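Structure, as structure tokens:
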Amino acid sequence: MVLVTLLGLSWFCSPLAALVLDFNNIKSSADVQGAGKGSLCASDRDCSEGKFCLAFHDERSFCATCRRVRRRCQRSAVCCPGTVCVNDVCTAVEDTRPVMDRNTDGQDGAYAEGTTKWPAEENRPQGKPSTKKSQSSKGQEGESCLRTSDCGPGLCCARHFWTKICKPVLREGQVCSRRGHKDTAQAPEIFQRCDCGPGLTCRSQVTSNRQHSRLRVCQRI
């Protein structure tokens, strides 16, 4: 009789025990999923320190762990404490302070929210230096140049091998090159001369027998 009673109780309790185990498994899975995503949120203010409100297109927003230095970001709230979002990258505050201090004078709240942007001058690529010089800073003979306006009086900017330097304008009797003449083929010059000075022209030198030589010199017009 006792054996029959025990068998009956075990048969009755087995489904109940299985139901309790299934409920515990479901609860544990939900806890793990909730712990992985964090609590639901509507904005960053709903999350605790060190977290931000992360939103996906097809899921509800939840609190996610903040991102460390050199991680991608869309706003400063995404970055961990002590860092800010600069040019879409989490950056330590001490690395941005010189630029921020220099550009926030007289601009209250310029870096308060959103992504911190570097000034346009900081991001602008370094190009060629300005060639506008005052008269006192004009290039002297032998100094590098880009154009004749970079050189001082009586000088021109001419090619010297694979660079350009300031050279003296040619005087009367000096050998010259007649550049831009269509009748003769011109090869690339790696050693250019300046043009003849004012009142002079580059012409073939006349020899004693009044024949034109191949040598050209600066002569009076």
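Keep in mind that glycine also has a Cβ here, set from the backbone N, Cα and C atoms.
What you see is a predicted model, and the numbers here were worked out from it, not measured in a lab.
The compositional bias 'Polar residues' annotation in Swiss-Prot covers 128-139.
Annotation source Swiss-Prot lists disulfide bond at Cys145-Cys157 (among others), citing similarity to another entry. Counting only same-chain residues six or more apart in sequence, the Cβ atoms lying under 8 angstroms from the Cβ of Cys145 (disulfide bond) belong to Gly139, Cys151, Cys157, Lys164, Ile165, Cys166.
According to Swiss-Prot, the feature disulfide bond maps to Cys151-Cys166 (among others), an assignment based on similarity to another entry. Cys151 (disulfide bond) falls within a strand segment according to DSSP.
Marked as disulfide bond by Swiss-Prot: Cys156-Cys194 (among others). Annotation for Cys194 (disulfide bond): same-chain Cβ neighbours under 8 Å, separated by at least 6 residues, are Leu155, Cys156, Ala158, Lys167, Pro168, Val169, Leu170.
Cβ environment of Cys176 (disulfide bond): Leu170, Arg193, Asp195, Cys196, Cys202, Arg216, Val217, Cys218 lie under 8 Å away, each six or more residues apart in the same chain. Residues or ranges marked as disulfide bond by Swiss-Prot on the basis of similarity to another entry: Cys176-Cys202 (among others).
Among the features that Swiss-Prot reports, disulfide bond is placed at Cys196-Cys218 (among others), with the record citing similarity to another entry. Counting every protein chain shown, the Cβ of Cys196 (disulfide bond) has 23 other Cβ atoms within 10 Å.
What Swiss-Prot lists as region 'DKK-type Cys-1' is 41-90.
Look at Swiss-Prot and you will find 101-143 tagged as region 'Disordered'.
Sequence annotations record features per position, and here Swiss-Prot assigns region 'DKK-type Cys-2' to 145-218.
According to Swiss-Prot, the feature signal peptide maps to 1-18.
For the disulfide-bonded residues shown (Cys151, Cys157, Cys166, Cys202, Cys218), fewest C-beta neighbours within 10 angstroms: Cys202. Helix, strand and coil counts under DSSP for the region 'DKK-type Cys-1' (41-90) come to 6 helix, 17 strand, 27 coil.
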